[in-house]
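Peer 1: What Swiss-Prot records for this protein is below:
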type	residues	note
BINDING	12, 49, 83	[4Fe-4S] cluster 1 binding site
BINDING	156, 160, 163	[4Fe-4S] cluster 2 binding site
DOMAIN	3-120	domain 'MTTase N-terminal'
DOMAIN	142-374	domain 'Radical SAM core'
DOMAIN	377-441	domain 'TRAM'
């Protein structure tokens, strides 16, 4: 009987991608099958994130629950990966002696030998930052569905004062150009229609081609667009300083690149941006966005915001709110500031009271929610092209898909053959976090035109 693998993933899309590759790896090496029930698993993996406050506490709390499973089954193998593993290393095992394997994002390709060692009750830790060798050791991806992530680079070299990523994932290392395209081809052959290119600082990508040239993110986008079966391309996460002219031109000239961009700004106040060492000021960001809007009219924009960074005044927060209105963001990942151990900002006085941080955050989120709702209302009556991902989790009588500008659309339909296909829906109603539509055509129709 096949052994069972359970993976719990915390954090970003990079971690989601890494978890899927862990499953591919152990599926090939040990013929393991994924399960969503930890109690029936032979191997438990916790893929961790250290971006937010109390990340370590969250990890140890989960490991405490898994300890009970280990007591019932001493042969159960428990592994901790991801960014908390990189930060904590062997300290994890000092607090949780039942953990067999500790590995970082760059060493997950060694999981088969780690599992073998754990089977002999040999604990192992490897949180090193080797060159981007893991992709040379991973099997072909196995996917279900029409959308897939593809990691094109690892790490970040920006060293923003609040961020742990350079310390947990290492500095920027780009994956070879042809390695990326090979993975995309493998995904497209399995029916993937939308490719989401990933990197902690994805637009800093500078990868070698087989001809000895250097490719950037725009080159990747144009090459992926030429692969049979791929109809949509997204990328996350970008840095304003790395947003090149060639990438702006990709928005102008590449129709398969979607009309949505996530470009973190963190704050709208120049003194806070300087304290964060973001490498740009407010006006630089505005100018960059205006050029992107000129290249792709109607593009949907989202961003990251940190509220209550050390030194943030009421006036600084007003600057952030004014920037949100000027740019017209319709979504954000926004959080109150919390000190991350080992970062330069952790040496600064966290001088904004928590209740003030939370009040500012609520104001910001209300503003962006209203802007998002206004944009959604403006879409009512329009026909939108969506990629259908599956059934609505709230209503099995509805199918669900995503628009180019990253909005979820639910519509009444009962044909499972539509899943994984493109369709046109007319938007009939707008809600705070989704749209409702009616099907007007799909790839199942003989006269449907993709482009």
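Glycine too: its Cβ is placed from the backbone N, Cα and C atoms.
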Peer 1: Counting each residue once, how many in the domain 'MTTase N-terminal' (3-120) are helix, strand and coil under DSSP?
Peer 2: 65 helix, 23 strand, 30 coil
Peer 1: To the nearest whole angstrom, what is the C-alpha distance linking residue 156 ([4Fe-4S] cluster 2 binding site) and residue 49 ([4Fe-4S] cluster 1 binding site)?
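Peer 2: Spelling it out, the Cα of residue 156 ([4Fe-4S] cluster 2 binding site) and the Cα of residue 49 ([4Fe-4S] cluster 1 binding site) are 15 Å apart.
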Peer 1: Of the residues in the domain 'TRAM' (377-441), how many are helix, strand and coil by DSSP?
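Peer 2: Across the domain 'TRAM' (377-441), the residues distribute as 6 helix, 36 strand, 23 coil.
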Peer 1: Count the other Cβ atoms sitting within 10 Å of the Cβ of residue 156 ([4Fe-4S] cluster 2 binding site), across every protein chain shown.
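Peer 2: Other Cβ atoms found within 10 Å: 23.
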Peer 1: Do me a favour and check the Cα-Cα span between residue 83 ([4Fe-4S] cluster 1 binding site) and residue 163 ([4Fe-4S] cluster 2 binding site); whole Å is fine.
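Peer 2: About 12 Å separate the Cα atoms of these two residues.
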Peer 1: Quick one: pull the CA-CA distance for residue 49 ([4Fe-4S] cluster 1 binding site) versus residue 163 ([4Fe-4S] cluster 2 binding site), whole Å only.
Peer 2: 12
Peer 1: Give the sequence-ordered set of same-chain residues, not counting 156, 160, 163, with Cβ within 8 Å of the centre of the Cβ atoms defining the [4Fe-4S] cluster 2 site.
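Peer 2: The answer, listed by sequence position, is 158, 159, 162, 164, 165, 166, 200, 201.
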Peer 1: In Å, rounded, how far does the Cα of residue 12 ([4Fe-4S] cluster 1 binding site) sit from the Cα of residue 163 ([4Fe-4S] cluster 2 binding site)?
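Peer 2: Between the Cα atoms of residue 12 ([4Fe-4S] cluster 1 binding site) and residue 163 ([4Fe-4S] cluster 2 binding site), the distance comes to 14 Å.
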Peer 1: Across the domain 'Radical SAM core' (142-374), what is the average pLDDT of the model, as a whole number?
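Peer 2: Per the prediction, mean pLDDT sits at 96 for the domain 'Radical SAM core' (142-374).
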